[in-house]
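As recorded in Swiss-Prot, the features of this protein are as follows:
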- 2-185: domain 'Glutamine amidotransferase type-2' (DOMAIN)
- CYS2: active site, for GATase activity (ACT_SITE)
- ARG50, LEU51, ALA52, ILE53, ILE54, ASN75, GLY76, GLU77, ASP98: L-glutamine binding site (BINDING)
- 193-516: domain 'Asparagine synthetase' (DOMAIN)
- LEU231, ILE267, SER341, GLY342: ATP binding site (BINDING)
- GLU343: site 'Important for beta-aspartyl-AMP intermediate formation' (SITE)
Amino acid sequence: MCGILAVLGVVEVSLAKRSRIIELSRRLRHRGPDWSGLHCHEDCYLAHQRLAIIDPTSGDQPLYNEDKTVVVTVNGEIYNHEELKAKLKTHEFQTGSDCEVIAHLYEEYGEEFVDMLDGMFSFVLLDTRDKSFIAARDAIGICPLYMGWGLDGSVWFSSEMKALSDDCERFITFPPGHLYSSKTGGLRRWYNPPWFSETVPSTPYNALFLREMFEKAVIKRLMTDVPFGVLLSGGLDSSLVASVASRHLNETKVDRQWGNKLHTFCIGLKGSPDLKAAREVADYLSTVHHEFHFTVQEGIDALEEVIYHIETYDVTTIRASTPMFLMSRKIKSLGVKMVISGEGSDEIFGGYLYFHKAPNKKEFLEETCRKIKALHLYDCLRANKATSAWGVEARVPFLDKSFISVAMDIDPEWNMIKRDLGRIEKWVMRKAFDDDEHPYLPKHILYRQKEQFSDGVGYNWIDGLKSFTEQQVTDEMMNNAAQMFPYNTPVNKEAYYYRMIFERLFPQDSARETVPWGPSIACSTPAAIEWVEQWKASNDPSGRFISSHDSAATDHTAVSRRWPTAAARPANGTVNGKDVPVPIAV
């Protein structure tokens, strides 16, 4: 992952301003340690910190069209760049970068090209001919992007809020699937898939087609000019990613460059469930497996760094980010710069165990839609920033646009958990890859029940965090929590401890408003809490202690007050109930 910073329309154009923007851009250097770039045009600045994955020798940014009148700074990967280049026969490309195509697409089609991109991205593009600019973010929000406003009327964009929080009067999370245009002065949605309407589809389940689409999603993410691997926890999602990647490795140029042995990575406390399961999958797939251990104390020691990089105080996100943060450092030390991961499956297919209680297929579908729409606030945020903290890029095939469209078009009746029919969570994916003739995985792995990542690395991890924070936060501090933190008040000592660190690092009102909050049980949205009466009374941050599922489905997922309420969810030009100084046209 790269880091981008754009500042447009500043009042002061001086050497001091240029130096300040370079200084702020350096706050993103962990995301892109390979090279730094800056383009200045009058009162507009586009900065870039590069992590070189494609065309390491000539793909430095910012990137340009032929006459350098169009400038773009990009964080992301465009998987269909070769196909798009073929449509631009009259254009001359200067580099082998997959992202250069964005400048030429704008030149050819104007602002209406973003839905042509297949990939993960956030970018800012400046047209120097009239000083207009656009900014856009990928469909689901895999790549982070923040937008801010300076007192001088300047507009700011950054991959992480740490690069703009000190200089902007106000800033927000840039919404996924949106484009900002300076010509209209507002945001508009470019990604409008049928499932956004939450209308219940009736398409029958086609196991082979679903398998084919997922394999295509994994294969396109093997596009790389640097060493890579797969994050393997031993659960269904990461195991399927590893299996497909291993099976198709010899069809790509990766095989010729780095060999035909897939590298896999796992982290956990000694004796943790993930380590054992991942080792078994790695042995089955004959991967080059790397197993990392950490202690509870090492995780606790990293908490402040984790909160600084992830930019959240959400309890569940911090719990899961810490092992991933530690693992990414180890991965980078091996010379690996890109990994493929399994985020998104649970949201698409209702894989969290609380989905056992969905009363009907309509509510099941609506909950999956809500979960996908909020991924950029949780798992995408974690996966991207925990890896980017050490200059590693994470790719997520489950969040492929085409795959999501196919998966969300299946009649949700097929996703409902029905034990009398032998259907457990994510049954449609398990069945799609249940191939006796050419097995992808052993049966017991294919049908292994889900572990929350923060539990899978070792149950003592969460217990250790709770014990540690219990000692750091007094009862008196909790009694005054509402006075100290009137916005999103912490409901337990672990949440209070993380909030203290966050407020010290990011004291701005806008910063705390980027973190969603609200009632949640086992990672549910507030609406799903209505499914079970007992859930409404719980604020225990660990789903391990909630008897909300039948005995065959003991949930190890987390419980917290972590979801955006209606007042906290960006919509119709408001964020957390306050006006955003741009209109949003949906």
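Even glycines carry a Cβ here, placed using N, Cα and C.
As the structure is a computational prediction, the values presented were derived from the model and not from experiment.
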Cα-nearest neighbour of the residue listed as 'active site, for GATase activity' within the listed recorded positions, ALA52, ILE54, LEU231, SER341, GLU343: ALA52
Other same-chain residues whose Cβ falls within 8 Å of the Cβ centroid of ARG50, LEU51, ALA52, ILE53, ILE54, ASN75, GLY76, GLU77, ASP98, the recorded L-glutamine site, in sequence order: MET1, CYS2, GLY59, VAL74, SER97, CYS99, GLU393
Separation of alpha carbons, SER341 (ATP binding site) and ILE54 (L-glutamine binding site) (Å): 19
Mean of the pLDDT scores, which run from 0 to 100, over the domain 'Glutamine amidotransferase type-2' (2-185): 96
Pairwise CA distance, GLU343 (site 'Important for beta-aspartyl-AMP intermediate formation') versus LEU231 (ATP binding site), rounded so that it is a whole Å: 10
Between SER341 (ATP binding site) and GLY76 (L-glutamine binding site), the C-alpha gap once rounded to whole angstrom: 15
Cα distance (Å, whole number) from GLY76 (L-glutamine binding site) to GLY342 (ATP binding site): 18
Most distant Cα pair in Å, residues ARG50, LEU51, ALA52, ILE53, ILE54, ASN75, GLY76, GLU77, ASP98 binding L-glutamine: 13
Cβ atoms near the residue listed as 'active site, for GATase activity' (within 10 Å, other residues, all chains): 29
Whole-number Å value for how far LEU231 (ATP binding site) lies from ALA52 (L-glutamine binding site) (Cα to Cα): 20
